[in-house]
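Peer 1: So TrEMBL lists the following for this protein:
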- 47-63: compositional bias 'Basic and acidic residues' (COMPBIAS)
- 783-799: compositional bias 'Basic and acidic residues' (COMPBIAS)
- 808-819: compositional bias 'Basic residues' (COMPBIAS)
- 121-183: domain 'PHD-type' (DOMAIN)
- 124-181: domain 'RING-type' (DOMAIN)
- 1-85: region 'Disordered' (REGION)
- 783-826: region 'Disordered' (REGION)
- 835-854: transmembrane segment (TRANSMEM)
Amino acid sequence: MAPPARGRGNVWAGGNPISKAPSARGRGNVWAGRNPPVPQMSQAERNFQEAKKKNEENVKRALENNYETSSDEDELDTNQDNSDKSSVLSSVLKAYANLGGSVSHIGRTEHDIESQLQSGAITCLICISSVKRPEQIWTCQKCFCIFHLQCMRLWVRDSVSLKRIKEPGKHNVNWNCPNCRSEYEPSEAPERYFCFCGKTENPQVHPWLIPHSCGETCEKPLQPFCGHYCLLLCHPGPCPPCPKTVTSKCYCKNSSKQQRCGAQEWSCGTICKRPLLCKKHNCTQVCHKGDCAACPKQSSQKCFCGSSTQTRPCASPQWQCTKVCGKPLDCGNHVCETVCHSGPCKPCPINGVRTCSCGKTTYDLPCNVPVPNCGDTCDKLLECGSHRCIQRCHNGKCGLCLERIVKACRCGRNSKEVPCAKPFLCETKCKKTKDCLNHPCNRKCCDGNCPPCEKKCDKTLSCHNHKCGSMCHQGPCFPCMLKVPITCKCGGTKIEVPCGTKKRIKPPTCNKLCKLPSACHHPHREERHKCHFGFCPPCEQKCNLRLKCGHHCQARCHSAVVVDVTPKNSTLKGVVNKAQKKLPCPECKEPVIISCLGGHEQMTVPCKEAKPTACGNACGAPLECTNHFCNKLCHDRKMEKCESCDRQCEKPTLEGCTHPCLMTCHPGKCKPCTMLLKKRCHCNVMQKYINCVDWCSSDAEQKIKLQSCGGPCPKTLLCGHPCTKLCHPGECPNADPCRKKTKISCSCNRIKVSVSCDQVRAGKIVECDDVCKKQKEAEIQRKKSEEAEREKIQKQKEQEEFEAYQKKMSRGPRRRNDHRRREGKESHSMDRYKLIILGFAGLLLSALLTYYFMS
């Protein structure tokens, strides 16, 4: 059960409230470890705190009384079965049915009576606990919601105290219903316990009467008031409509008939024919309630001034055009400037006695003469209300007051000299709390009348499902006014309870048949039972399910058996968890004929023992190779395969293939031989690998294609050019003329001509011309001159060497190291020659190796 409602701004620690006190730093500080400042409380606040403490004590006492009487209530509800409840309900509605009223028209009344007969269906929205039979109650006369009388007293007292704190000068404070917010006078505060009809005080609890009812006739005036009174026994909820028969007319007053007094208004179904507002047509709708609709037809209508005509809806005949009236006024000097209007024009507004702009001088002038200004000071009171206009008499409004005065701000903390027409507001923020006592004002230059808090409360209500949607306020939030339905398992019977009490209230009892589908595999159940919670009774039919062996199960239905699923290591004593499970079918006992594993012999055994056995004979089944048979003893070929044939394949291969089949004995033909054959191509450049099956299954032409590398033939013709054909067998065809282009020149290599190779082979030459001859002669002369020059240089060199020799010989014996130096120069030149020779030898060797591998 939720704790009683407490005031806002409290912090709960260990179940004891710790009050918050406002300080200079702001609100919401929790004082701990030091003495908080004691605020000055008014007399109204002290009264509120005392009422709050009494409220908490009374709520605790009410909760204890509820716990003490809950067992008696449940016992009484258990002893009173559904038939007794239906008899009580029929006795209450007996008088209504005797008058000819249909029980289906009762609606809300019947629902409230059923809720009263159902234990725990009525919940007090203040303390959120069930309303028991012996407890005193109070019923709202507007929404007919039921509350505990004690809770309602506390509610009224708290509501009135809060309103008086908020409005100190108001004494007669009204209070509201917690559910519908209907307003009641202070004199209507609930102090005594009456029955529903209000005749009997403190009605006694009777098992054959509705709880909190006196058992007498209600006799409340029926609503809407028709002069009759309620004939039901004292009951909760609103009174049903009047069931008596009276003569009443239809909506259009054209027909009359006998009708229930509670439903006197009715439609005859004919055309209404009442005259419409246009006074030209009649209503064409079916007899209806209320005023007739506007006339849907159209007609030609003139405007107010009568100068224009339009076809307009008949329902709005009066309309105004955009033309100015323009009629001469009674003064004869001006015309009417009003747009199209009805009736006579207004008199001239400027005719008669007039005053100047400041109102000090009066003139009696015609309307066509303007009024002059008097020249005196205007002296009109300005908008500020303290100063007057100092200008001369003038037309139009006076300006703003520009006189500078010392003004105090709105909060009265600061002052400043500003123009009189300019307001002065300071930047100081108000530190007071708003009317909710939770949020600071923070309004700049506040005059003390802080605006109401505009934030949303958004506190979780006592139902713990919804949040308060009101503006931030003092005190506890109003209870959640939503109601949730509680239904039986099938949903045919339901009651509505306040939000948050669904888990504590028992579902209503339903007398209808169970509509749950069968939990077992049978589509329909033979035994019928009433609506219930939990598992349906076990099915009594035969299982009749088809077993794996093909027979039908003859045991009792076991598709939905309730079993205990509580874990063995559970620490909760007395807690049993049950669930419906599908148990497996028992073993089949039907006699069947079975064969041995290999299918050689047959025998009759029960179906559960129908397991084939070996007979001891040889299997004899063909092996997978389809060439041999199994030699194992009788066995199940599905569970145990026959022996595998490990022999080598002995089937013949293709003609020309010399490779044996590499597979073991197998069915069908052997796979194509995938061994690779090494074959040199026709041009002997590369070595090809060919599948044996491709080579053996090919003819002579295909073999030539397979052996060809597909590249150009590297052989040369007799002319020296390479062969132009692709890789081919045999010698290259030299008989064909070579069309390869080549260049030939004259003997002096000056003239060059491109000709085909076959022309060169035929002996075609290029002869020199006169230019070539002249060049040859010039070349001979150049060579002769060069030879003479060379001989001259040689002679000069020899002469220089001879002179050097004589000079050396004239010096005497040579030094010891001269011959060594000369020998070193000679050895150095010899090493250089050796390196050059070795380089040429390496190049020659690499060329030879390249040619060898290419061939």
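In case you wondered, yes, glycine gets a Cβ from its N, Cα and C as well.
I'd like to know what surrounds each of these features in this structure.
Peer 2: Residue counts of the compositional bias 'Basic and acidic residues' (783-799) by helix, strand and coil are 17 helix, 0 strand, 0 coil (DSSP-based).
In the predicted model, the domain 'PHD-type' (121-183) shows an average pLDDT of 85.
Secondary structure by DSSP for the domain 'RING-type' (124-181): 18 helix, 11 strand, 29 coil.
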Peer 1: List, by number or range, the same-chain residues at least 6 past the transmembrane segment (835-854) whose CB is under 8 A from its CB atoms?
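Peer 2: For the transmembrane segment (835-854), the far contacts come to 685, 714.
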